[in-house]
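Copied over from Swiss-Prot:
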- Leu121, Gly125, His126, Leu127, Ser355, Pro356, Phe357: (6S)-5,6,7,8-tetrahydrofolate binding site (BINDING)
- His228: site 'Plays an important role in substrate specificity' (SITE)
- Lys229: N6-(pyridoxal phosphate)lysine (MOD_RES)
Amino acid sequence: MLKREMNIADYDAELWQAMEQEKVRQEEHIELIASENYTSPRVMQAQGSQLTNKYAEGYPGKRYYGGCEYVDVVEQLAIDRAKELFGADYANVQPHSGSQANFAVYTALLQPGDTVLGMNLAQGGHLTHGSPVNFSGKLYNIIPYGIDESGKIDYDDMAKQAQEHKPKMIIGGFSAYSGIVDWAKMREIADSIGAYLFVDMAHVAGLIAAGVYPNPVPHAHVVTTTTHKTLAGPRGGLILAKGGSEELYKKLNSAVFPSAQGGPLMHVIAAKAVALKEAMEPEFKVYQQQVAKNAKAMVEVFLNRGYKVVSGGTENHLFLLDLVDKNLTGKEADAALGRANITVNKNSVPNDPKSPFVTSGIRIGSPAVTRRGFKEAEVKELAGWMCDVLDNINDDAVIERVKGKVLDICARFPVYA
């Protein structure tokens, strides 16, 4: 007989120590990586459930294994909630990650060698939008589009590239772009050449669910997202669509299973269902509104302290600091802030003279700090501390002083009570 109340600490002290150290790190560090967030205890409870034991290849009502009557209920709840939350009429909740979801879309809509128009990674795109080191860049002919001198997406250049190269698919979405994307304009460009519009909304899904950022679902042929990041659920992927054909939806389902994956992770799908329900609550909208307010408040401080923000501001949860004028690399800034218990990530900026392993910028996001209760006053104070560190990157006394302030505010705003 298996006893569920057993403690890992009693069995595997070495592993438990690492887990406990990570728990302490999360409580004692300020998390500003834009793609990270804190999920709820309810989500973690679902993800740690006995559903992990069940194989369920196939889809609700059409499984290859017996004993799926209850996991069918779980998956259907997740599907229905995803469709309701984002205004879709199709949802696949099985992708293990956002990259897996994107791979399924490529598989369903394209053939290897087809031409794809995607956002340049160096100007805000994502690995799966055509990076040469990713499957997308290896299997498909990628034509990049980017941003103009003001830091906004260059739709004129996008349209020109579309007419010249006639891609079969245009990708919208980003991993480091702080503006509003005109999904309708992108669909217009796609329609002008008979291309698919595929949107990866992973970074802004939570903002979209709360009505804080424009929803691409009514405009795109297919939309993908992660279920963590701003959505604050478990790590996983999701595919959505509206107004498509049954043939398209069958292709998408087949591209997930059996093409790319086998058995779905039913414990994670249950956790997705919980997170999607949480995203329908009124307090989730308040949270997402605060995420956007906090990002803007931080930008204001950095600009006032003489730092360059790419595109001059933010309309979502993230922004990039361009450190070229400060003669700092992103790697140096990342390390110095880390010594003060502030976690960011180095990030390339437009026309970056440094390699992707060094970079000339850092990416900053507000979802996690907002989740632990920070509002404008706290994030403005935090941004000021960050400027103190970046202004005195080799001054250990300044960094230690900021670290002390970070530890104090983290104690006042715990992640988990």
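Each Cβ is built from the backbone N, Cα and C atoms, and glycine gets one as well.
Values in this document were obtained by computation on a predicted structure and should not be read as measured data.
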Neighbouring C-beta atoms (10 Å sphere around the C-beta of the residue listed as 'N6-(pyridoxal phosphate)lysine'): 27
Of Leu121, Leu127 (the binding-site residues), the residue whose Cβ has the fewest other Cβ atoms within 10 Å: Leu127
Rounded Cα separation (Å) that holds between His228 (site 'Plays an important role in substrate specificity') and Pro356 ((6S)-5,6,7,8-tetrahydrofolate binding site): 25
Longest CA-CA distance among Leu121, Gly125, His126, Leu127, Ser355, Pro356, Phe357, per record bound to (6S)-5,6,7,8-tetrahydrofolate, angstrom: 16
Least buried by Cβ count (within 10 Å) of the binding-site residues Gly125, Pro356: Pro356
Cβ neighbours of Ser355 ((6S)-5,6,7,8-tetrahydrofolate binding site) where a neighbour is any other Cβ within 10 Å: 11
Separation of alpha carbons, Lys229 (N6-(pyridoxal phosphate)lysine) and Phe357 ((6S)-5,6,7,8-tetrahydrofolate binding site) (Å): 23
Inter-residue C-alpha distance, Lys229 (N6-(pyridoxal phosphate)lysine) and Leu127 ((6S)-5,6,7,8-tetrahydrofolate binding site) (nearest angstrom): 16
Cβ neighbours of Phe357 ((6S)-5,6,7,8-tetrahydrofolate binding site) where a neighbour is any other Cβ within 10 Å: 10
His228 (site 'Plays an important role in substrate specificity'): tally of other CB atoms within 10 A of its CB: 26
Cβ neighbours within the same chain of His126 ((6S)-5,6,7,8-tetrahydrofolate binding site) - under 8 Å, at least six residues apart: Met119, Gly173, Phe174, Ser175, Asp200, Ala202
